[in-house]
Amino acid sequence: MKLKEVTEGKVRIFVPDPKEYMIEGKFDPSWAPVFYNPKMTFNRDLSVIVVSLLKPKIILDALSATGIRGIRYYVESWKSEQLILNDKNSTAASLIQINVKNNGIENAKIFNKDANALLYEIKSEYIDIDPFGSPVPFILSSINATIRNGIAAFTATDLSPLEGSSRTSCRRKYDAINYKLSSSKELGLRILIGKIIREAATLEKTVHPLFSFYADYYYRLFVIVESGARKADENINKNLKYFGECPRCGFQTFVDENCKTKCPICGENFIIIGPLYIGPLHNMEFLKRMIDTYSDFNYLSSFNRIQKLLNVIEKEAKYKSVFYNISKLASKLKVSAIPPIDSILECLGDASKTHFAPTGIRTDKGYEEIIRCVKSLR
């Protein structure tokens, strides 16, 4: 395997040389013997900031590939007492050895095991699951392996089922009914969180989002893992419901059950999806710490993008409602000219943009008030 040295953040690692694995002049990271995706640098950059605040004693990256994620945590975030890197691909495990040594890390434990098998053998304060596709096969084992009040982090790149484009796949993987709706970018994340909550409950554990976001073609989520059957029951009863959108007028709301429910505005039957999580997507105290800290990481290649994302999330996080997609709403209302988002925000007064969609707004003001602004500004 021919290798190429690359720099990401403050580390230098060896990865398979893309030129050796091109097909008709094109390259996909999955074609190489060991997976390395430079397009996930933003994901890893933000994760470095999160881990720097958590300072876990043990870090476990269960699907390490080149080892880039765990190595960056150790070098840039926090020199944990123990760094555990694993990949079931023996070629990857050998490459991890090289990259760990190349970055002067002496206390790393490297495994060449199936991720689930390892997760049932080891407990950790911080566990990272960054798979190629869905994290579902690893949810139960990773929650089981996370100690009380520890953190589990998940990446999901299978947006087709989560956003409602592949309904049967969503039902199979996430045990949720799904349709493509106006706010599916956010609803997909809520379906993912709902699935993790239900899986954790089978272990008499529960989870609460610490920080989460959507970017490019994936969701990234950090959850606090708590123990106790009572806490699990309380979280399910309080925060797992369904979501309804009116196909005629665009009114949307959370609903208690998956049953025929009529829109209170126009009387049309709702399209119902779920179950999904309806609570806050971030821990506000932790979010404030991120905003106070991220400037220390101005060397990151995606620093400006991180700054923009956190600025938007800080504003939208205070609202409890799912965002309204003004473009889709205007279409349902037969409004030909979509008003500028900034004008709608000014009209509403108490509202913000959302990082989920460029034409989305988030507000706790009522549907009628939103419609008034959309129609008055057309």
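Each Cβ is built from the backbone N, Cα and C atoms, and glycine gets one as well.
For 4-374, the entry in Swiss-Prot reads domain 'Trm1 methyltransferase'.
According to Swiss-Prot, the feature S-adenosyl-L-methionine binding site maps to ARG44, ARG69, ASP87, ASP114, ALA115. Close to ARG44 (S-adenosyl-L-methionine binding site) in the fold, though at least 6 residues off in sequence, lie GLU8, GLY9, ILE68, ARG69, ARG72, each with a CB less than 8 Å from its CB. ARG44 (S-adenosyl-L-methionine binding site) falls within a helical segment according to DSSP.
Long-range C-beta contacts of CYS249 (Zn(2+) binding site), restricted to its own chain and to partners at least six residues apart, with a cutoff below 8 Å, comprise CYS263, ILE265, CYS266, GLU268, LYS332, LEU333. According to its DSSP assignment, CYS249 (Zn(2+) binding site) is coil. For CYS246, CYS249, CYS263, CYS266, the entry in Swiss-Prot reads Zn(2+) binding site.
The record gives CYS246, CYS249, CYS263, CYS266 for Zn(2+). Within 8 Å of the mean position of their Cβ atoms, the other Cβ atoms in that chain belong to PRO247, ARG248, GLY250, PHE251, PRO264, ILE265, GLY267, GLU268.
In this structure, the CA atom of ASP114 (S-adenosyl-L-methionine binding site) is 45 Å away from the CA atom of CYS246 (Zn(2+) binding site). With respect to their backbone Cα atoms, ASP87 (S-adenosyl-L-methionine binding site) and CYS246 (Zn(2+) binding site) stand 45 Å from each other. Take the binding-site residues ASP87, ASP114: by the count of other Cβ atoms within 10 Å of each Cβ, the lowest one is ASP114.
The two recorded residues ALA115 (S-adenosyl-L-methionine binding site) and CYS246 (Zn(2+) binding site) have their Cα atoms spaced 42 Å from each other. Of all the Cβ atoms in the protein chains shown, 12 others lie within 10 Å of the Cβ of CYS266 (Zn(2+) binding site).
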